[in-house]
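What TrEMBL records for 12-32, 86-104, 146-167 is transmembrane segment. According to TrEMBL, the domain '4Fe-4S ferredoxin-type' annotation covers 30-71, 154-192.
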Amino acid sequence: MKANKKNWYDYFWIWVILYFALGFFNILFAWLGMIDFLLPLLVAVFGGNKWFCNNLCGRGQLFSLLGGKLGWSHGKPTPTFLISPWFRYGFLIFFLIMFGNVLLQTYLVFAGARSLKQAVSLAWAVHLPWDWAYTAGQVPDWAAQFSFGLYGIMLFSLLLGLLAMVLHKPRSWCVFCPMGTMTQGICKLKNKAEK
Ligand code: SF4
């Protein structure tokens, strides 16, 4: 039987591993996470479809690979409450508040109202010291603060996604992923407007 032909973008899961590895050694690489924020939105706005989720998302690919091919997933059905709109939109709001807080902390450092905190926070609950990953003075303090904040959001969401993958189907994270919820909303609005 002929094997499925792979596309170049089927290997974006490597990017996810690389991103966290780079940020472990130098937190400034966390800025690259903005690509993961902006690209899905741009594809949805201009394409009006979920092409990013279906083809380009390294995180989704990684969950498929670990949970599917490597068998790390129990494969249980995704709980229905995770699929419900109230949970998906509620989680999106929670995610946006976290991102808003990163922007606020960045601004406070920029304005000199507080000093740079060299730690990675997971949803305000866990604060991981991360001071080896940045040498003071490399960039303005606010730019470093944004890196720590963004890396925290990326790491927190990855851990949640891995947990969902292990407990349920490999891509259970995708049903309540904030980026997925936002892109779906954009596509719906765009398609409605075109009709
Ligand atoms: S829902 Fe989120 S994690 Fe899943 S493919 Fe889309 S952007 Fe990636």
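Glycine residues also receive a Cβ, built from the backbone N, Cα and C atoms like all the rest.
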Mean of the pLDDT scores, which run from 0 to 100, over the domain '4Fe-4S ferredoxin-type' (30-71): 96
Cβ-Cβ under 8 Å with the domain '4Fe-4S ferredoxin-type' (154-192): same-chain residues at least 6 beyond its ends: 16, 19-20, 23, 30, 33, 36-37, 40-41, 43-45, 48-50, 52-53, 59-60, 63-64, 66-68, 72-79, 82-83, 87-89, 91-92, 95-96, 98, 120, 122-123
Intrachain neighbours beyond the transmembrane segment (12-32), with Cβ under 8 angstroms and 6 or more residues off its ends: 56-59, 61-62, 65, 118, 120, 130, 133-134, 138-139, 143-144, 146-148, 150-151, 154-155, 158
The domain '4Fe-4S ferredoxin-type' (30-71) - residue tally per DSSP class, helix then strand then coil: 36 helix, 0 strand, 6 coil
Residue counts (helix, strand, coil, in that order) that DSSP gives for the domain '4Fe-4S ferredoxin-type' (154-192): 33 helix, 0 strand, 6 coil
